[in-house]
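Copied from Swiss-Prot, the annotated features are:
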BINDING   Gly222, Thr223, Gly224, Lys225, Thr226, Leu227, His361  ATP binding site
COILED    15-97  coiled coil
Amino acid sequence: MGDILRDTADPQTPEELCRLYRSLTEQLRDQLQRIETDKQDLESQMLERISSLESRNLELREQIRQAEADKRYIETQKIRYEREVRKLKSESEQLRSPPLIIGTVVDVVDANRVIVRSSAGPRFLVRSSPSVNPDDIKPGARCTLNQQSLAIVELLPSSFDAQVYGMELVDSPQECYTDIGGLKEQINEVREAVELPLKRPELFTQIGIEPPKGVLLYGPPGTGKTLLAKAVAHETNAHFMRVVGSELVQKYIGEGARLVRELFDLAKKKAPTIIFIDEIDAVGASRTEANTSGDREVQRTLMQLLAGMDGFETRGDVKIIGATNRIDILDKALLRPGRFDRIIEIPLPDEEGRLSILKVHTRTLTMEETVNLPEIAGLTEGKNGADLRAICMEAGMYAIRNERPAITREDFLSAIEKVRLDFSHSPTDSEGRMFA
């Protein structure tokens, strides 16, 4: 304003004074407009700058969050890698450490000294590591020995052959006594010899007698020997170990005897246990002069079986059930008291027994009222339980073939005739064969 007044000459007249006033007013208005424009430009620039700074702030915050997440991930990875490094170092140290010798404890002399037998054969009097509990060191225990001092480093768990573990049925048999027909007397004898000692041992203690150690079931094929053994295991809730006699016959010397020994050891460990040896005649045939190495190996396996049954060591709640259809060829040593204390014959069922078996197998069948089970039992003389089951199945197949909703008397008669023809034909005949 002062500059404007200095640049203007002094007014002489009123007109000049008015012109001067108007000029000054216009100049001031122009300056105010320029100032307002500059102000708006400055505000716009400031707003843009603030917006840019806010965007940058958000970007930096996002980068900080990402950096923190990366930091946490890296720390986690670091911990995992450190753990793997420690594990690898431990494995490396174990690989660099000398191997240990496998041995067996023979005798415990005192709290600090133990007699062991190494895998090479010699026996040594050694000491045990302080980390080994002295109460766990017992004769027969497997252990590891230091190569230099032969001191006991640690105890190993007992080892059983995988084939022996395969003999144990994980699931308890589902068969029960009601699934067995025509063997009422035999069931009672087996229950007295096997089930009663496991469930009520105090009865034998009261009377003062030892319970039977084993039961031998013999009779023609298909009469229910295996079924009876499964029913006993089901009723006693005992571990059931099933082995076929031929499985105990091995190729190499001593393998069969080792399997028998481990079978008894595992049975004692899992007591109460029922060992069922099916087709025991495969390993228990009468001993004769062995002409081949295979015959001698079978005899060695039989002797180990006899030793296990003799009870040199108490077997606890372990019962043995043997089954065979050739009792005439069994070794006499197997049949003496103290091994198989009860020898029970499982004969072919009579007419009453066949009727009982038919009732068991027809419980779930849909039959017409014309079916007379006593009549069918009379027509199946000489048939065993397996034959009667096959007859029931064949009768059902005839009903399905003829699209009938239920089995008729004629279906059973046709099934009886078919089963009879199946047994009369040779195995190579193609006519009259059974469905299954």
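Including glycine, each Cβ sits where the backbone N, Cα and C put it.
Note on the coiled coil (15-97): mean pLDDT across this stretch is 87. Set side by side, the binding-site residues Gly222, Gly224 differ in how many other CB atoms lie within 10 angstroms of their CB, and the most is found at Gly224. Counted over every protein chain shown, other Cβ atoms within 10 Å are most numerous around Thr223 among the binding-site residues Thr223, Thr226.
Around the Cβ of His361 (ATP binding site), the same chain contributes Leu388, Arg389, Cys392, each under 8 angstroms and 6 or more positions distant in sequence. For Lys225 (ATP binding site), the same-chain residues lying six or more positions away in sequence with a CB closer than 8 A to its CB are Leu217, Tyr218, Gly219, Asp278, Ala323, Ile346. Secondary structure at Lys225 (ATP binding site), taken from DSSP and collapsed to helix, strand or coil, is helix. Around Leu227 (ATP binding site), the same-chain residues six or more apart in sequence whose CB sits under 8 Å from its CB are Glu175, Asp179, Ile180, Gly385, listed in sequence order.
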